[in-house]
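For 1-10, 70-81, 128-149, 193-219, 273-282, 330-342, 387-392, the entry in Swiss-Prot reads topological domain 'Cytoplasmic', with the evidence type sequence analysis. The feature topological domain 'Periplasmic' is assigned by Swiss-Prot to 32-48, 103-106, 241-251, 304-308. As annotated by Swiss-Prot, transmembrane segment applies to 11-31, 49-69, 82-102, 107-127, 150-170, 172-192, 220-240, 252-272, 283-303, 309-329, 343-363, 366-386.
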Amino acid sequence: MIWIMTMARRMNGVYAAFMLVAFMMGVAGALQAPTLSLFLSREVGAQPFWIGLFYTVNAIAGIGVSLWLAKRSDSQGDRRKLIIFCCLMAIGNALLFAFNRHYLTLITCGVLLASLANTAMPQLFALAREYADNSAREVVMFSSVMRAQLSLAWVIGPPLAFMLALNYGFTVMFSIAAGIFTLSLVLIAFMLPSVARVELPSENALSMQGGWQDSNVRMLFVASTLMWTCNTMYIIDMPLWISSELGLPDKLAGFLMGTAAGLEIPAMILAGYYVKRYGKRRMMVIAVAAGVLFYTGLIFFNSRMALMTLQLFNAVFIGIVAGIGMLWFQDLMPGRAGAATTLFTNSISTGVILAGVIQGAIAQSWGHFAVYWVIAVISVVALFLTAKVKDV
């Protein structure tokens, strides 16, 4: 427990503010995301095709806007002011969904606001990285603990979202999300620092100009995209699979997701502690190997107890990838924390787009069980690519 004491000694008001903002913004996001399809179906009256189109347009718009803002944030301006602007957009987006039920308005104005709002989280992590670097603090552990706040938010957020939406209505739920974003904005404005741009030494000039030109960055992006494709295919398909083919209760899906999210927290923190000893590549290879075991296990072990037990491998997979994966991008792109963090989050968005298409096609043609064979194969490819990225 020495590392916990060390972290406690190094914690100060600014660090605590980073943690609280990450948690609050995570809860606000976790209130909206799990219930979006239900909202579009019941409140807006959208058919399945239009619901899927909404997700696709939202993801594509998010990638474009976040890359544009990331490039600007790394080269000019105050990153903290950009986060405040994104929070304002998040408030507007939540209020739009609270009081509007027109599909065309939501897929245009709503998607635009959401794509701007979703940039807040990668920019928050980029600001945290720059602050930790400038204050000579432990970057990896701090980032891991901060990322764990998002997992904690996702333990709390989805059950709370369904409780609010089903008992009090979507207007109340989205209004509460807007209120949480407002509190986050106040904390960001008064507690988080503005970090001055650091002039990079000349030997890092190529890294500043490059990024995507680096084959290691490209390979890590593809590997990360495949990892999140696997995770999203599982999240989309699992609730349908356990009820329609395994004959297990619907509520088990919630328990499985909650168990995995809870176990991710210690996995993230332990990964942050051990990464200096073993290196980022080895930790990521261990994580993706755990993912391969998880998805392969789903093919052969389908009982309720087996599914719960397998969540340990799922937690190791997502917990390490979500924390160390982002830091690996940042270390491969020195001086471009915003672009690197956004590239990581865009690998998640790209994975979501691919997962929706692949899962839908496979499940429609060959059934839910075939989905997990495809996921297992994709995870093996991700493991191979991860092992080929250089360690930094």
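If you go along the chain as it appears here, the first residue is 1 and each next one adds 1.
Using N, Cα and C of the backbone, Cβ positions are placed for all residues, glycine too.
Annotation: stretch 252-272 has the most Cβ pairs under 8 Å to the transmembrane segment (309-329), among 49-69, 220-240, 252-272, 343-363, 366-386. Per-residue pLDDT, averaged over the topological domain 'Cytoplasmic' (70-81), rounds to 70. The DSSP breakdown of the topological domain 'Periplasmic' (304-308) into helical (H, G, I), extended (E, B) and coil residues amounts to 5 helix, 0 strand, 0 coil. With DSSP classes pooled into helix, strand and coil, the tally for the topological domain 'Periplasmic' (103-106) is 4 helix, 0 strand, 0 coil.
Looking at 49-69, 82-102, 220-240, 252-272, 366-386, the range that has the most CB pairs within less than 8 A of the transmembrane segment (172-192) turns out to be 82-102. Within its own chain, the transmembrane segment (49-69) is flanked in space by residues 36-37, 40-41, 82, 86, 103, 106-107, 111-112, 114-116, 118-119, 122-123, 338-339, 342-343, 345-346, 349-350, 352-353, 356, 360, which lie at least six positions past its ends and keep a Cβ under 8 Å from the stretch. Just going by CB pairs under 8 A, the stretch in 11-31, 82-102, 150-170, 220-240, 252-272 that sits most against the transmembrane segment (366-386) is 220-240. Taking every recorded stretch in 82-102, 107-127, 150-170, 343-363 and counting its Cβ pairs under 8 Å to the transmembrane segment (220-240), the highest total belongs to 343-363. Across 82-102, 107-127, 150-170, 252-272, 283-303, stretch 150-170 shows the highest tally of CB pairs under 8 A with the transmembrane segment (11-31). If one looks beyond the topological domain 'Periplasmic' (103-106) by at least 6 residues along the same chain, the residues whose Cβ comes under 8 Å of a Cβ in the stretch are 40, 44-46, 50, 54, 96-97. A Cβ distance under 8 Å defines the sequence-distant neighbours of the topological domain 'Periplasmic' (32-48), meaning residues of its chain 6+ beyond its ends; these are 54-55, 94, 97, 101-103, 106, 157-158, 161-162, 165, 170, 173-174, 177. Long-range Cβ contacts of the topological domain 'Cytoplasmic' (387-392) within its own chain (Cβ-Cβ under 8 Å, at least 6 residues beyond either end) map to 216, 219-220, 223, 279-282, 284-285, 328, 331-332. Within the chain, the topological domain 'Cytoplasmic' (273-282) has long-range Cβ neighbours (under 8 A, six or more residues past its boundaries) at 3, 140-141, 144, 324, 327-328, 331, 386-387, 389-392.
Sorting the topological domain 'Cytoplasmic' (387-392) by DSSP state (H, G, I as helix; E, B as strand; all else coil) yields 2 helix, 0 strand, 4 coil.
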